[in-house]
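Engineer: Below, the features straight out of Swiss-Prot:
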DOMAIN    16-51  domain 'EF-hand 1'
BINDING   Asp29, Asp31, Asn33, Tyr35, Glu40  Ca(2+) 1 binding site
DOMAIN    63-98  domain 'EF-hand 2'
BINDING   Asp76, Asn78, Asp80, Lys82, Glu87  Ca(2+) 2 binding site
DOMAIN    107-142  domain 'EF-hand 3'
BINDING   Asp120, Asp122, Ser124, Tyr126, Glu131  Ca(2+) 3 binding site
DOMAIN    151-186  domain 'EF-hand 4'
DOMAIN    195-230  domain 'EF-hand 5'
BINDING   Asp208, Asp210, Ser212, Tyr214, Glu219  Ca(2+) 5 binding site
MOD_RES   Tyr214  phosphotyrosine
DOMAIN    235-270  domain 'EF-hand 6'
Amino acid sequence: MAGPQQQPPYLHLAELTASQFLEIWKHFDADGNGYIEGKELENFFQELEKARKGSGMMSKSDNFGEKMKEFMQKYDKNSDGKIEMAELAQILPTEENFLLCFRQHVGSSAEFMEAWRKYDTDRSGYIEANELKGFLSDLLKKANRPYDEPKLQEYTQTILRMFDLNGDGKLGLSEMSRLLPVQENFLLKFQGMKLTSEEFNAIFTFYDKDRSGYIDEHELDALLKDLYEKNKKEMNIQQLTNYRKSVMSLAEAGKLYRKDLEIVLCSEPPM
């Protein structure tokens, strides 16, 4: 874990590049689990306070515990005591805050799924490096943010290094969805009840009564209700409507095909 005796990189800078931000993240996420938590979180705040005071950026409150509590109340949206990478980007002075750029233009689950549908061009269940580059380029244009080819390449590689949890050079849907605010990330709701390929095939076949290879939104409603009841999880009408809308963003002309739903509900995307 990062200790006070080991100076973390770049915290004193007035503005961070995307690459520098990533180095800070890796420094404090010592166990590499995708969160800064526990002692890691305490170390981060101690070092951030030191760096800001050293560079003349005094905090409003000198009370470490109070400041840390305020931060967690503001950014720890699901109150799990952990800080995610995209949340950290909101307090560090990151150049052209590229993570927030995602959130401004892919702010809801439905918009995110529409973007995923566009850039997962081969419908593999992954966005690969060349597809991600196009995704980022379009987002930067939407945000009217100037960029050049080297900067676009840096953003692409940084996002890959941030969210490519298994190091295969491509992003699965669940990995990419970490760009969404926690409260908008409907995919988190399916954690702990992912299906195997065999389980998915059985449930899809049950609801695809006419064996057409796709289901409509009403059949999806029934499928989601069944899935939640099976896993003893509660879901109200509004949640069901939101989840259905998000998943149906993957559909073509109201038809949700087996392969697209499998990306959302299975442990691994289809090969």
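Just so you know, glycine gets a Cβ as well, placed from its N, Cα and C.
The structure displayed is predicted, hence computed values, not measured ones.
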Engineer: Tell me, what is the mean pLDDT of the domain 'EF-hand 1' (16-51)?
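Structural biologist: The predicted confidence over the domain 'EF-hand 1' (16-51), as a mean pLDDT, is 81.
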Engineer: Show, in sequence order, which residues other than Asp29, Asp31, Asn33, Tyr35, Glu40 on the same chain lie with their Cβ within 8 Å of the centre of the Cβ atoms of the Ca(2+) 1 site.
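Structural biologist: Apart from the listed residues, the neighbours are Phe28, Ala30, Gly32, Gly34, Ile36, Glu37, Lys82.
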Engineer: On the DSSP side of things, how many residues of the domain 'EF-hand 5' (195-230) fall into helix, strand and coil, could you say?
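Structural biologist: Secondary-structure breakdown of the domain 'EF-hand 5' (195-230): 25 helix, 3 strand, 8 coil.
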Engineer: Once the chains shown are all counted, how many other Cβ atoms turn up within 10 Å of the Cβ of Asp122 (Ca(2+) 3 binding site)?
Structural biologist: 9
Engineer: Quick check on the domain 'EF-hand 6' (235-270): DSSP residue counts for helix, strand, coil, in that order please.
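Structural biologist: Counts, helix then strand then coil: 20 helix, 5 strand, 11 coil.
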Engineer: With a 10 Å radius around each C-beta, find which of these binding-site residues (Asp29, Glu40, Asp80, Glu87) has the fewest other C-beta atoms nearby.
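Structural biologist: Comparing Cβ neighbour counts within 10 Å for the binding-site residues Asp29, Glu40, Asp80, Glu87 gives Asp80.
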Engineer: Over all shown protein chains, what is the count of other CB atoms within 10 A of the CB belonging to Asn33 (Ca(2+) 1 binding site)?
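Structural biologist: Cβ-Cβ neighbours of Asn33 (Ca(2+) 1 binding site) within 10 Å number 11.
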Engineer: Please identify, among the binding-site residues Asn33, Asp120, Asp208, Ser212, the one with the smallest Cα-Cα distance to Lys82 (Ca(2+) 2 binding site).
Structural biologist: Asn33
